[in-house]
Amino acid sequence: MISFQESVTFQDVAVDFTAEEWQLLDCAERTLYWDVMLENYRNLISVGCPITKTKVILKVEQGQEPWMVEGANPHESSPESDYPLVDEPGKHRESKDNFLKSVLLTFNKILTMERIHHYNMSTSLNPMRKKSYKSFEKCLPPNLDLLKYNRSYTVENAYECSECGKAFKKKFHFIRHEKNHTRKKPFECNDCGKAYSRKAHLATHQKIHNGERPFVCNDCGKAFMHKAQLVVHQRLHTGEKPYECSQCGKTFTWNSSFNQHVKSHTLEKSFECKECGKTFRYSSSLYKHSRFHTGEKPYQCIICGKAFGNTSVLVTHQRIHTGEKPYSCIECGKAFIKKSHLLRHQITHTGEKPYECNRCGKAFSQKSNLIVHQKIHT
């Protein structure tokens, strides 16, 4: 069996540079190189390996620049033969695994430098270093696989956000993420001044102004601004019902109808009104509801004096005086005072009919139309 001393030499862990390669390193990188070479040398000495104090070690110890091997193959002219063997007696012999760990940590220093400066010295500067990694792979125990560690380390995310700590492999993704913190919105609409962080979002928004509707239904000719809207609309023609209730198996064409149905299974209404029997999930909701029976209206409009039982109703009412319409349709730009009015309006664009009759299955876009229809059955 090959002895441990024979399997690893100083040249196995040495990193050689040509003159051209050395010029590419800055001051900090050269300092790191000196530290790495000295630590490799000391690690081998500490386990009793026969080491020749090479020219590079002597120069590093004296504070001079290390040797730079001329030629394409740095290993063809070895400086080890220029100096005699230097032994350090009395050094405690570490275990094989401890030695390998120390060498692994040494290589990690190099890898750390490579990651920080966004280039790989092992490929761009000196391909011979790959042989050093391979020589260690044979003698490393399974939990110290240097090549495996190297692969996982070098693909580590190099771009880290200073705000939240999230890291990215690609600079493009990192820059795009940073905008979430800085809220930079460089893409501004020339028509209304609204700004967006991404150009694609601006392009989508501008369709509102130019009236572009590129997605046309082949069955009825109706056009839509977004492809997703066309896909939803086409369910009217195909009869597709992709939303299935896991509780009862009932299927639905529209996601809104499906969500409304699911709530009927999951919502527990434990608070019941003693006046009308209506149940509520929260006690606060029951308390607000009770005002309809008592006639209590504690919230009064300061402009017209009209009173309301809930603050939300008062806020909505005041928009009549201020003219505020915060809910705007992305399709046509029409604005509404209430969100419910916007949702009802959007159905005219999508063709959605979320209100379905339990008796005959006929669907309607407006709840009021469903109520009128149900009178036929009663």
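Keep in mind that glycine also has a Cβ here, set from the backbone N, Cα and C atoms.
Here Swiss-Prot flags 8-79 as domain 'KRAB', drawing on sequence analysis.
Per Swiss-Prot, the feature zinc finger maps to 159-181 (among others); the stated evidence is sequence analysis. Here the zinc finger (159-181) has, by DSSP, the following mix of helix, strand and coil residues: 11 helix, 4 strand, 8 coil.
Taken from Swiss-Prot, the feature zinc finger covers 187-209 (among others), and the record attributes it to sequence analysis.
Sequence-distant neighbours of the zinc finger (215-237) (same chain, 6+ residues past either end, Cβ-Cβ under 8 Å): 204, 207-208, 253-254, 330-331, 349-353. The zinc finger feature in Swiss-Prot is assigned to 215-237 (among others); the stated evidence is sequence analysis.
Residues 232, 235-236, 352-356, 363 of the same chain sit 6 or more residues outside the zinc finger (243-265) yet have a Cβ under 8 Å from a Cβ within it. The zinc finger annotation in Swiss-Prot covers 243-265 (among others) and is backed by sequence analysis.
Remote same-chain partners of the zinc finger (271-293), defined as residues 6 or more beyond its termini with a Cβ less than 8 Å from a stretch Cβ, comprise 309-310. Per Swiss-Prot, the feature zinc finger maps to 271-293 (among others).
The DSSP breakdown of the zinc finger (299-321), given as helix, strand and coil counts, is 11 helix, 4 strand, 8 coil. The annotation zinc finger is assigned in Swiss-Prot to 299-321 (among others).
Under the heading zinc finger, Swiss-Prot lists 327-349 (among others). Counting only same-chain residues 6+ beyond the ends of the zinc finger (327-349), those with a CB under 8 A from a CB of the stretch are 205, 208, 224-225, 229, 316, 319-320, 365-366.
Away from its own ends, the zinc finger (355-377) comes close to residues 252-253, 257, 344, 347-348 of its chain (Cβ-Cβ under 8 Å, at least six residues beyond either end). According to Swiss-Prot, the zinc finger annotation covers 355-377 (among others).
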*Other parts of the chain folded back onto the zinc finger (299-321), taken as Cβ under 8 Å at six or more residues beyond its ends*: 288, 291-292, 337-338
*Please spell out the DSSP helix, strand and coil residue counts for the zinc finger (215-237).*
10 helix, 4 strand, 9 coil
